[in-house]
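What follows is one structure encoded as structure tokens, with my remarks underneath.
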Amino acid sequence: MQRLRESPPPKTRCLGEASDIIPAADRFLRCANLILPWLNPRELAVVAQTCKTLSLISKSLTIHRSLDAARSLENISIPFHNSIDSQRYAYFIYTPFQIPASSPPPPRQWWGAAANECGSESRPCFDSVSESGRFGVSLVDESGCECERCEEGYCKCLAFAGMEEIANECGSGCGCGSDCSNRVTQKGVSVSLKIVRDEKKGWCLYADQLIKQGQFICEYAGELLTTDEARRRQNIYDKLRSTQSFASALLVVREHLPSGQACLRINIDATRIGNVARFINHSCDGGNLSTVLLRSSGALLPRLCFFAAKDIIAEEELSFSYGDVSVAGENRDDKLNCSCGSSCCLGTLPCENT
């Protein structure tokens with residue numbers, strides 16, 4: 001009769017052995033890599049002080065964030081450069097286009113290591129960076145332009161050279177599709193840019209390549225506000241500016257009738273949610289950018305788009321004129337100092353009561 005082989009007694013395992021520690025550490029790292037990219041800089045700094053591992057992850061995140069302000073939402077990475085102080089990047093929620101205003105607090109956005117696909121395990125989606133997204137509102141009439149092809153005589157949309165003050169583009173319904181040559185501004189940033197820290201002006205947007213006259217730079221993206229909400233926020237921003245170092249990015253744009261009378265007011269706030277245009281500074285000489293109020297066929301509202309007003313060389317700061325309206329009153333304390341450095345600098349930034 002064959003004798004059954006006796007099984008060896010089970011080995012006693014002690015807590016803390018490598019087989020227990022490694023899976024636990026792996027789970028810890030995976031959780032950290034999923035959670036930390038949602039944190040803002042202040043929260044990240046607090047977490048970094050808790051242990052060496054989280055400190056290393058936080059430092060890695062800081063490096064990744066400084067490499068691309070656009071969080072892979074544009075065609076090209078837009079890095080931060082700072083040789084002035086220890087601030088590696090400016091924190092805000094990125095959107096490539098206009099979105100309806102969000103209620104406070106602002107939504108969070110993943111900002112971690114670059115990923116090619118939204119929805120992957122390493123990069124959760126942020127659904128407010130779509131023209132409908134979580135707001136359930138579309139700013140575009142999907143019917144768009146019905147032209148057969150974008151050529152003179154076939155398309156009613158105006159093809160332009162980036163020098164007009166008001167112009168039109170084909171919309172999403174164009175028969176040419178997304179490759180239409182008259183939908184330049186709808187394809188996002190396509191020139192190399194970088195964000196540089198200046199001792200006087202703070203963050204500035206610079207060209208990182210030669211940009212030819214008439215080339216599209218970017219649109220001014222942010223939250224679309226009602227006039228009442230714009231006034232409410234501006235009051236808050238003014239109070240913050242009086243007590244601390246604070247810079248807002250609330251821009252008021254007016255579309256005028258041929259008679260010169262304003263017919264449409266658009267309030268775009270890029271302070272909390274915006275794109276790289278929030279870093280474009282004022283220049284009293286008009287700067288090197290031209291602004292175009294551009295309507296895409298079928299769109300409900302125009303967009304403020306920036307084009308090169310002349311050839312712009314690499315390492316040149318991008319700037320435009322904020323306007324000619326000055327704050328009412330003689331109190332200079334109510335005005336913001338201008339540091340544009342142009343020969344015709346007026347010393348204060350153009351602004352108006354919203």
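Every residue gets a Cβ built from N, Cα and C, even glycine.
The annotation domain 'Pre-SET' is assigned in Swiss-Prot to 143-188. Annotation comment: Swiss-Prot describes CYS145, CYS157, CYS170, CYS174 as Zn(2+) 2 binding site. For CYS145, CYS147, CYS150, CYS155, the entry in Swiss-Prot reads Zn(2+) 1 binding site, with the evidence type similarity to another entry. Summarising the annotation, Swiss-Prot assigns Zn(2+) 3 binding site to CYS150, CYS170, CYS176, CYS180 and lists similarity to another entry as the type of evidence. Per Swiss-Prot, the feature domain 'SET' maps to 191-323; the stated evidence is sequence analysis. Annotated S-adenosyl-L-methionine binding site per Swiss-Prot: LYS201, GLY202, TRP203, ASN281, HIS282, TYR322, in sequence order. Swiss-Prot lists CYS284, CYS338, CYS340, CYS345 with the feature Zn(2+) 4 binding site, giving similarity to another entry as the kind of evidence. Sequence annotations record features per position, and here Swiss-Prot assigns domain 'Post-SET' to 334-350.
Confidence in the domain 'Pre-SET' (143-188), given as mean pLDDT, stands at 69. Of CYS174, CYS176, CYS180, LYS201, TYR322, all annotated as binding-site residues, the residue with the shortest Cα distance to CYS340 (Zn(2+) 4 binding site) is LYS201. In sequence order, SER321, CYS338, CYS340, SER342, CYS344, CYS345, LEU346 are the residues near CYS284 (Zn(2+) 4 binding site), counting only same-chain partners six or more apart with C-beta under 8 A. In this view, the densest Cβ surroundings among the binding-site residues CYS170, CYS180, CYS338, CYS340 belong to CYS170, judged by other Cβ atoms lying within 10 Å. The binding-site residues examined here are CYS174, CYS176, CYS345; by Cβ neighbour count within 10 Å, the least packed of them is CYS345. On the backbone, the CA of CYS170 (Zn(2+) 2 binding site) and the CA of GLY202 (S-adenosyl-L-methionine binding site) stand 37 Å apart. Each residue contributes its Cα atom, and for CYS174 (Zn(2+) 2 binding site) and ASN281 (S-adenosyl-L-methionine binding site) these two points are 35 Å apart. Cβ contacts within 10 Å of TRP203 (S-adenosyl-L-methionine binding site), excluding its own Cβ and spanning all protein chains shown: 20.
Each of the binding-site residues LYS201, HIS282 was ranked by the number of other C-beta atoms within 10 Å, and first place falls to HIS282.
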